[in-house]
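A.B. asks: To start, I am sharing the structure in question, which I have written as structure tokens.
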Number of protein chains: 2
Amino acid sequence: MVNHKQYHVAVVGVTGAVGQKMLEMLDSIDFPVEKLYPLASKRSAGKKVTFKGEEVEILEAKPEAFEGVDIALFSAGGSVSKQLAHEAVNRGAVVIDNTSAFRMDPDVPLVVPEVNPEDIQKHNGIIANPNCSTIQMVVALEPIRKKFGLGRVIVSTYQSVSGSGNDAVEELKDQSKALLNGEEPETNILPVKSEPKHFPIAFNALPQIDVFEDNHYTFEEMKMINETKKIMNYPELKVAATCVRLPFFYSHAESVYVEIDRDDVSIEDLQNALNDQDGLVLEDDITQQVYPTPLSSEGKKDVFVGRIRKDLDVSSGFHFWVVSDNLLKGAAWNSVQIAQKLIQQEQ
Amino acid sequence: MVNHKQYHVAVVGVTGAVGQKMLEMLDSIDFPVEKLYPLASKRSAGKKVTFKGEEVEILEAKPEAFEGVDIALFSAGGSVSKQLAHEAVNRGAVVIDNTSAFRMDPDVPLVVPEVNPEDIQKHNGIIANPNCSTIQMVVALEPIRKKFGLGRVIVSTYQSVSGSGNDAVEELKDQSKALLNGEEPETNILPVKSEPKHFPIAFNALPQIDVFEDNHYTFEEMKMINETKKIMNYPELKVAATCVRLPFFYSHAESVYVEIDRDDVSIEDLQNALNDQDGLVLEDDITQQVYPTPLSSEGKKDVFVGRIRKDLDVSSGFHFWVVSDNLLKGAAWNSVQIAQKLIQQEQ
């Protein structure tokens, strides 16, 4: 990548839920974009997107489309990334990939800028953006680990349908309307589009996100477990996850239990440690019913933490509640933050 | 209570969500009701309920209304129970109380018939029905404890709005319609009617059920912790809970982590132990996407368990997913089961 002050930036999957947010996030921090390359499937080529008030034509995502691109933000599914990321790198781009294609590749750094910004420099052309539910959790875990040590994490998630894309958002709307009218809901997308069975998500909870692995965990659960260890550079950390899809549109919430290395830490100590973390906002005042919710966090870039409690039996144990917009910090904003750090580190 | 073969049965709070289900449950097992006393507030007196195909007039719940009653099922809120339960007992009734009024009273047994039926005999006129989210969990914990020993429980709940009554069910419907029409939702009931702040539950998640205690846990969370220990007669059990209200109408779900006393137990061993438990149905086949959900469990009396996994770091640790209809096993059905055991034990 040539170190100019203005960059040629491609967004691959620009018509998707995350792609659209990537444009918003680039705009929101006035990222130095000299030329935008909005890329998508052949079907969308020729349509237009609006960026910084101007209409830009969508081009087909194919190898030649990356000629002249400095930074390519990918969010068009793992198969597109596997097919095109190296083509982009070969043409001189740095790829920031928001799919699971390269996350566990030892040659690819997996980055949350508040946690392991130094890993950005180790890239060989590709930097991976972690899974949405992992990102918001590690932003809360890192300050705890730094200040008190961290031995164990058990998380149960409350994840919105937008994590499955725009089709799932529409499905929740359609099913909700049908059920409120006393009609049978149509089920085509959730829990996993490619799986044989689909169940209603409207007024329901589905304990399956992504396909099942042989060990009975879902791939989403294994992403949370493996990615957390990699981002925190802490392979010995004990992590367990249960991931559940729920009928709300945006933001993921998480009920997190941690065991730290000390048994003399108070709720206030933990609140203070979290409050000092960049990108994290403490919303924890039970006297005023202050705690984050998916609706209260929607459209915001930060990670919100509340409901901090000390375990009543284990003096090193704490419980808390983490919420963040899965399309922003969980995807588009984290990717754009990586791009921002990347150009800062090169200057 | 006189030991006849037919009983005079009062249902206090008969117009409420649970009261209505109590009538259904009495009917479903052909409970030997000689005379039904449908009791409610003065406002509802004179209206009628249908029981076994016949209309019966609702009477005002006041002390004299319990004359001649053998069994009184209470579900009209803690203050009504505190006011009237002893009046009913003084008139010769056995009270089965589905509020939190007497649950932790050492003189009152707290009963889940699959777990501690023997405690029914210890009653002094009042038997307490546990909190909905507690009941379904202990039905799953008890066979694990019996077969493998149990040291620790960490639960995160996914609870339906019907746990807050019919008003909350209506609120979810109204808010869902408003939001789908792009209108502002009205917030009057949830998370807790008596609290100063109300938040939308439609397309949201609220990490508050009932009021906050000084230790930063909610009363609902403390109910799960304390009631579990009492029902299982196991005060040393380590239990932690995080309770979350979600936008579905019926059934509660729970993500449960347990540590057992052995480290040589397989997923199949745990499945077999749960499968042998009365009142529990195993729905756990990842190859066929079989797991329980709130919608799949609605209207059923059993407790459903799926998603059983071994912890990947702690060999004595297991994770699973428990779902049950909060108005049935969580309330009306468990109360009627207690009544059934009571008359069986007396015969």
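Glycine residues also receive a Cβ, built from the backbone N, Cα and C atoms like all the rest.
No curator has checked TrEMBL annotations; they are predicted automatically.
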A.B. asks: Pick from B:Asn326, B:Asn334: which one does TrEMBL list with B:Thr15, B:Gly16, B:Ala17, B:Val18, B:Arg43, B:Ser44, B:Ser162, B:Gly163 for the same NADP(+) site?
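C.D. replies: For the NADP(+) site that includes B:Thr15, B:Gly16, B:Ala17, B:Val18, B:Arg43, B:Ser44, B:Ser162, B:Gly163, TrEMBL also lists B:Asn326.
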A.B. asks: Would you mind reading off the Cα separation of B:Thr15 (NADP(+) binding site) from B:Gln159 (substrate binding site), to the nearest angstrom?
C.D. replies: 22
A.B. asks: Just report the maximum Cα pair distance in Å for the recorded NADP(+) binders B:Thr15, B:Gly16, B:Ala17, B:Val18, B:Arg43, B:Ser44, B:Ser162, B:Gly163, B:Asn326, no decimals.
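C.D. replies: It comes out at 26 Å between the most distant Cα atoms.
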A.B. asks: Which three-state DSSP class does B:Gln159 (substrate binding site) fall into?
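C.D. replies: Note: B:Gln159 (substrate binding site) is in a strand by DSSP.
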A.B. asks: Per DSSP, to which secondary structure element type does B:Arg245 (substrate binding site) belong, with helix, strand and coil as the options?
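C.D. replies: The residue in question, B:Arg245 (substrate binding site), is strand (DSSP, three-state).
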A.B. asks: Please report the DSSP secondary structure of B:His252 (active site, proton acceptor), reduced to three states.
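C.D. replies: DSSP assigns B:His252 (active site, proton acceptor) to strand.
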A.B. asks: Anything within 10 Å of B:Gln159 (substrate binding site)? Look among the binding-site residues B:Ala17, B:Arg43, B:Arg103, comparing CA atoms, and list what you find.
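C.D. replies: Near B:Gln159 (substrate binding site), where near means Cα within 10 Å, there are no binding-site residues at all.
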A.B. asks: Count the residues of the domain 'Semialdehyde dehydrogenase NAD-binding' (B:8-123) that DSSP assigns to helix (H, G, I), to strand (E, B) and to coil, and report the three numbers in that order.
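C.D. replies: Tallying H, G and I as helix, E and B as strand, the rest coil: 38 helix, 32 strand, 46 coil.
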A.B. asks: If you count, for each of the recorded positions B:Arg103, B:His252, the other Cβ atoms lying within 10 Å of its Cβ, which residue has the minimum?
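C.D. replies: Each of the recorded positions B:Arg103, B:His252 was scored; lowest Cβ tally within 10 Å is B:Arg103.
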A.B. asks: For B:His252 (active site, proton acceptor), which of the listed recorded positions (B:Arg43, B:Arg103, B:Cys132, B:Arg245, B:Asn326) have their CA atom within 10 A of its CA?
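C.D. replies: Checking Cα-Cα distances against B:His252 (active site, proton acceptor), the recorded positions within 10 Å turn out to be B:Cys132, B:Arg245, B:Asn326.
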